[in-house]
Amino acid sequence: MNTALAQQIANEGGVEAWMIAQQHKSLLRFLTCGSVDDGKSTLIGRLLHDTRQIYEDQLSSLHNDSKRHGTQGEKLDLALLVDGLQAEREQGITIDVAYRYFSTEKRKFIIADTPGHEQYTRNMATGASTCELAILLIDARKGVLDQTRRHSFISTLLGIKHLVVAINKMDLVDYSEETFTRIRKDYLTFAEQLPGNLDIRFVPLSALEGDNVASQSESMPWYSGPTLLEVLETVEIQRVVDAQPMRFPVQYVNRPNLDFRGYAGTLASGRVEVGQRVKVLPSGVESNVARIVTFDGDREEAFAGEAITLVLTDEIDISRGDLLLAADEALPAVQSASVDVVWMAEQPLSPGQSYDIKIAGKKTRARVDGIRYQVDINNLTQREVENLPLNGIGLVDLTFDEPLVLDRYQQNPVTGGLIFIDRLSNVTVGAGMVHEPVSQATAAPSEFSAFELELNALVRRHFPHWGARDLLGDK
């Protein structure tokens, strides 16, 4: 146990009292992102070090590792606290998404350290999908780069509304206010093109030296704003799902004995209470909530984000992937949708291909009807493309094999977020955010089956000399 933790426990009056205090602290999930070598891992290491979250044995190990793998000369290489893979330490880069936990007197934090290299953009998107705030690091010597723009766009695409632009390595530009002002202006000019109403803040800092990370810098008297830690401790996060209608995706049917049948899952949005009239989709059957069962016992009501088991008054057919919502809400099932896609596979995404789709516990199949555009992250313009390459971001039209109940991702990430799975290798090849569900009345009917379209795409790709026509293009 480190001395800081021991002191906190003593101040709270024992381990049990300390654990209760921890449970009542608010939790902030955030990620660090930016271009390669901007100092993301070093910043997290500095946060852990300056908030005294490192155990004595970890600190001793860090001294030894800094001598073998360090890139900071005689100084501690704080990035090694986060970069755990051997390849990461040898190359001095981040490859995988690394998660770390720490807490202060005001708040608990879960950090996702994401890679900066373009070929690992898919890892960055994975890390951003569960976060509420993004720290975008910019090297003060280089300014705003392509990866900065890419990560900014992906973060906002995944619903992150709070961006902290940390202009790092200020010590290498002599803590120049002019440099900070120029980069701030450049980023704000770019950010005008980002979607949504964003909360953007700027902090000049040096992760290596500790300036403006957890304590105010004496080297930058011209900056009177909060430190990075103060921003993280005080930012107010308004969760979108709290204000949304009730959504309860069924994860599994809990049947421990003959006398109990419950439907387990995590309440995706809204609230539910005992006695509430609910509807099961896609069947449309209605019932009342008889019990709300949790690990700590029965509850009268539950809120978004809580893992619960619902017991209904009627025995009706409900299975994994079904959705429970308020009975008076009209939410039609759809079979088509336009989806924002971040592609993560070497094999491009092309019209006519079919993939397994997973969304809110349900697994089905979808066909790619077409690619409307790919986003150029340099200027956020849209351009027409025939396929979506690795790390490409674009808007895609999908048709599902069965009707699904979908929300727009910006309204509900659980019922609006999906993944693409390769049907042969079972590898996740893409992430999708529902842009707009297409109602059955406006969905264009297809005269070809999913199998026919997939076979057509296969023949055109591998046997072009046969001269097979494009069924999608010739409709």
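Cβ coordinates are placed from backbone N, Cα and C, and glycine is handled just like the others.
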Where Swiss-Prot places region 'G2' among the ranges 92-96, 122-126, 372-376: 92-96
69-72, 113-116, 149-152, 297-300 - the one Swiss-Prot records as region 'G3': 113-116
Swiss-Prot annotation of region 'G4' - which of the ranges 48-51, 168-171, 380-383 it falls on: 168-171
Structural state of LYS40 (GTP binding site), classified by DSSP into three states: helix
Secondary structure tally of the region 'G4' (168-171) (DSSP, helix then strand then coil): 2 helix, 1 strand, 1 coil
Confidence summary for the region 'G2' (92-96), mean pLDDT rounded: 44
Entry from the binding-site residues list ASP37, LYS40, THR114, MET170 having the most other CB atoms no farther than 10 A: LYS40
